[in-house]
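Below you'll find the structure I mean.
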Amino acid sequence: METINNRNPQEINTNETMIENPKDKVSNNNFIPKLNLNNNNLNKINQPGDSETLDNRSNPSSPIESPLSTARISSSHNILFKTRGYYFIKPISKGGYGQVFLAITKSNKFFAIKSINKRDTIGKHMVKELMVERNILVQYQNQSIVKLFECFQTKKKLYMVMEFLHGGDCASLLHSLNTLEEREAKNIIAQIVNGLEFIHSCGIIHRDLKVENLIFDKNGIIKIVDFGFSEVGFTGNSIKNGNKKNNKCLGTPYYMSPEVINKRGYGKTIDWWALGIIIFELLSGETPFVGDNQNMIFEKITNYTNEINFPSYFSEVAIDLIQKLLQVDPLKRLGANGADEVKRHPFFNGVNWSKIYSPESLTFKPKIENEYDSSYFFERENVKKTVSAKKTNNKKPIKRYLFKGFNFKKN
């Protein structure tokens, strides 16, 4: 039986850059890679033990000790602060314009709550984006999208109360395993395709699809999160002209398509481009376009001519899928005619699309110890920075009307 990650992946560039890779600097205080990959006959990985690391084991069924600390939240739940009946325990991630905390109620229910500073939102001209995310999560419910339960505000802050997803994001999974085998990644990628198919059917473009915004629930089902940069109102395979309808260059540089960077106009295919980047990253441990700063990354993407150097262990079918998703011409890009043409690609041969969420199909099964277990998230000192509107100094009183309609409570 082949062990997970028994090959030597390409060396990852660990130089500090203007746009940090979350693999470069990591605080290891609160993450345990208690991974349980289940893909047909793939051996299960048990709770970390005493002797071997993830990258240097010979017996895939033996206990594994993580080099990372095993610190956990105590049962006493140290409280950082509280508001509106929610007790905030610890930060678990950062989004495009807010920080996400694990919180508990008096009835012992756990939630992930995004805390957003009103003044920062106004200063970054992100009020519209905030309301777009709120409206998407209120209007659309699907197993591929994180659930929203409540939105409320105080004098200085906005809060979005969402389901707590125990399994951590794909970035944390990569931090633990470095790379995934294609057979391990296939179901994960299929779930992402299904998620994109749903949001595109609703006329939504995510615009910031990346491994940090793909989070596993406790069963191993992927949820798409962080719709702050999303755009709505796309029908069919329409292309929006960036110069006329939206001249903002938004997203995370590593995942941005050439047409977004050049503001030529864009459509749903920018998400399929991002999927191509994500697949490359899942299989190799790094994104295909890297640089010491944002401009260098943009230059590599805009000068890209449909040729990438692939690691030798990539299969021909995986290379073909990635190349077709990273087609420079958005109208020729795989997915331009809808998700069905992506699903028909030979990479997905053998995938039963009606059963990709069944327990026997899921390849990543978190081993959750309790309802407040957040150990699958690793803390990032630096994250991949997003590109958004420039912040302006704004010390004027916050105008309440700007956030009218934000409040929401699910029945």
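The backbone N, Cα and C atoms fix where each Cβ goes, and this holds for glycine too.
Sharing the record's features from Swiss-Prot:
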- D208: active site, proton acceptor (ACT_SITE)
- I92, S93, K94, G95, G96, Y97, G98, Q99, V100, K114: ATP binding site (BINDING)
- 1-18: compositional bias 'Polar residues' (COMPBIAS)
- 28-46: compositional bias 'Low complexity' (COMPBIAS)
- 56-69: compositional bias 'Polar residues' (COMPBIAS)
- 349-411: domain 'AGC-kinase C-terminal' (DOMAIN)
- 1-69: region 'Disordered' (REGION)
DSSP three-state call for G98 (ATP binding site): helix, strand or coil?
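For G98 (ATP binding site) - judged by DSSP and reduced to three states - the answer is coil.
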To the nearest whole angstrom, state the Cα distance for the pair I92 (ATP binding site) and D208 (active site, proton acceptor).
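Roughly 19 Å, rounded to the nearest whole number.
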To the nearest whole angstrom, state the Cα distance for the pair V100 (ATP binding site) and D208 (active site, proton acceptor).
17
Whole-number Å only: compute the distance from the Cα of the residue listed as 'active site, proton acceptor' to the Cα of K94 (ATP binding site).
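About 14 Å separates the two Cα atoms.
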Quick one: what's DSSP say for I92 (ATP binding site), helix, strand or coil?
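Note: I92 (ATP binding site) is in a strand by DSSP.
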